[in-house]
């Protein structure tokens, strides 16, 4: 093979340097390498074997990317890989966890509508899931789970690791079994991807984000960079590629859904603009609210958050994931939405997919210099009409602070329509010089606007000494060429029986009703017709037969479950129940039950 030799040796974590006051932070390197080998699996195996390395396999579905492990001895192997023309890149893996590190969700109305997550599969990307827990065992998919750190097929947690099990319960706790509680999407199917219990490297993250992405619909991530108020960290090369590929190709082309907590660093004056997982246009960032609708004091602010829900952000992300699972129950083509489960499932019934994504990138050939206690602005003219309906706006730039504190910088973006979005807030604890290197500052605050016209990027520096330079600026708008049909269908005025919002004109298209809603056809009415029971604002027949969860996705039973599945007598308390349920379509389970147990 005459491939050009382009051997690259680079530390593969975030594309930034995070300073720590008083001392430089030493990276923790592992014995794992991400290696790009042209020629297929056989060539990769041959290269690894000749050098005494172990090929752990392809990194998800990333083309020509493989996971090589080195023996824990002297690493002469790296230099020895260089002569192979098939190797075009080798990425040394560094431990990214080393960084110094009276409102409600309205799920009950969604349940009354009959949507409980049937047929939707969610992966809990965390420190493992105890599938033997009596509240999870019937909804857990053995054989679909993964330990992304060891490349094995068990996500059972190590002793003392309970976070992932808790997160799984928020989504998928079984209903009415007399154990703990009930999950947001209690008839969804869950599996675990163990990522957090050990060295967290780029390869492991990429494998986690791409794992079984035509079978898994939603990846729930209740983790992120340390909430120190001075950390700047995001996905590295392969994880970034995996998020993009998953969002574009997962779910058989409909796109994997990646949900991330925005972080709990609010008390440290942290900003999720420094969290590269939330800043990605391929993820949904979720914050936390109090019951009165105000942000919690630990919630992190940033312009990239898609929505917020209740409790801590570790719980907020699975709540959002569960709500999205409810929306996928009636319509598997549905994508993003607000965290109002009733409105979400109601809109999902009538949702029309948006047109193909368009993008426009403008390179700004200017450097912005800002002195002490001052600000500077530049104008960016968008005259390309490729994007007519905005979704995401990304300003990628290198922001360098000299002599002063990196946390004394604020970035602000103003659209032609006058909307102002804070791309980066001041961070009190981010002390000392430093930079954001080619960092993507993303905002969803301009959603639905027309990008055509003059944008203003303002850089503020509140430090009394030092200066700031912002350069290598790339301004990118993402959206669609035209206003999506689902948006065009929204009338100027909704039906008088609607409380707020509607998908189309008519009493059956209200997001919520002023008085009551008939459960069968979702029509809003002033009072329930005779013979119907009223609960939670819904009118329904208490004796209505419960529909069953058919049309489940088809999976192969895991090896250890096949014998039990084939027997046809699997106990509902057995760990193989969920796998058999999917493998044998005659094994149905109910999806619509009275949420009040009558």
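A Cβ is built for glycine as well, from the same backbone N, Cα and C atoms used for every other residue.
Automated prediction, rather than curation, is the source of TrEMBL annotations.
Annotated in TrEMBL:
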SIGNAL    1-15  signal peptide
ACT_SITE  126  active site, charge relay system
ACT_SITE  163  active site, charge relay system
ACT_SITE  314  active site, charge relay system
DOMAIN    353-483  domain 'P/Homo B'
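The 10 Å shell around the Cβ of residue 126 (active site, charge relay system) contains 29 further Cβ atoms across the protein chains shown. Rounded to the nearest whole angstrom, the C-alpha distance between residue 163 (active site, charge relay system) and residue 126 (active site, charge relay system) is 7.
Confidence in the domain 'P/Homo B' (353-483), given as mean pLDDT, stands at 95. Reduced to three states, the DSSP call for residue 126 (active site, charge relay system) is strand.
In the three-state DSSP classification, residue 163 (active site, charge relay system) falls within a helix. Per-class residue totals from DSSP over the domain 'P/Homo B' (353-483), listed helix then strand then coil: 3 helix, 77 strand, 51 coil.
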